């Protein structure tokens, strides 16, 4: 007859594997969060949210706060705008979108800064703090992406994209890679947030009741 491991020893083995797997997933989550922050910073800074096409009257492209539009008399692009130069941003919708995307970016960066709390606070609590921050970041990115097209009816955008351009109607222009990444980043932030919540609750239950030792009784 095969003798099984004592309940206490089996619980220790399960606990060791449980902790090891949780740490591996935690490292993966942290690495993905850092990579995601770089992605969000890039799409925030780059002015390639919408741009020209072969049918546009002029060449150019627009971002959240900066844009470049071709000169009628030459092929040179005239660039304007900056994150602190609100007067040069073409529309209120662009300003609002910039605010919410920036909010999402800083929340993601803030969740990375919270990694330092792992050394001084309860691990489960830190995961949950980061999860809420990443969920809020996803909300900010989503609002930014929804509001941004509301500014397509500005005079600067219409000058480049044509008179058919209006709110949520891009005319002859096309969506560029930064806007596409911003839309995809909403899902990324939600996945990271969900993963952080799972890790937080796993930390709360590192040793489930079913595996708690109930003495040295052998079966």
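Note: Cβ is positioned from N, Cα and C throughout, glycine not excepted.
For 1-24 (among others), the entry in Swiss-Prot reads topological domain 'Cytoplasmic'.
Per Swiss-Prot, the feature topological domain 'Extracellular' maps to 46-99 (among others).
According to Swiss-Prot, the feature topological domain 'Cytoplasmic' maps to 121-128 (among others), an assignment based on sequence analysis. DSSP states for the topological domain 'Cytoplasmic' (121-128), grouped as helix (H, G, I), strand (E, B) and coil, give 6 helix, 0 strand, 2 coil.
The topological domain 'Extracellular' annotation in Swiss-Prot covers 150-178 (among others). Secondary structure counts, DSSP: the topological domain 'Extracellular' (150-178) has 11 helix, 4 strand, 14 coil.
Here Swiss-Prot flags 200-219 (among others) as topological domain 'Cytoplasmic'.
Residues or ranges marked as transmembrane segment by Swiss-Prot: 25-45 (among others). Within its own chain, the transmembrane segment (25-45) has Cβ neighbours under 8 Å at 63-64, 98, 101-102, 104-105, 108-109, 111-112, 115, 127, 130, 134, 137, 141, 178-179, 181-182, 185, 188-189, 192, 195-196, 199, counting only residues six or more beyond its boundaries.
Sequence-distant neighbours of the transmembrane segment (100-120) (same chain, 6+ residues past either end, Cβ-Cβ under 8 Å): 30, 33-34, 36-37, 40-41, 43-44, 64, 83, 126, 129-130, 133-134, 136-141, 143-145, 147, 182, 189. The feature transmembrane segment is assigned by Swiss-Prot to 100-120 (among others).
What Swiss-Prot records for 129-149 (among others) is transmembrane segment.
Under the heading transmembrane segment, Swiss-Prot lists 179-199 (among others), citing sequence analysis as support.
Summarised by DSSP class, the composition of the topological domain 'Extracellular' (46-99) is 11 helix, 15 strand, 28 coil. For the topological domain 'Extracellular' (150-178), same-chain residues at least 6 beyond its ends with a Cβ under 8 Å from one of its own Cβ atoms are 42-43, 46-53, 55-63, 67, 69-70, 90-94, 97.
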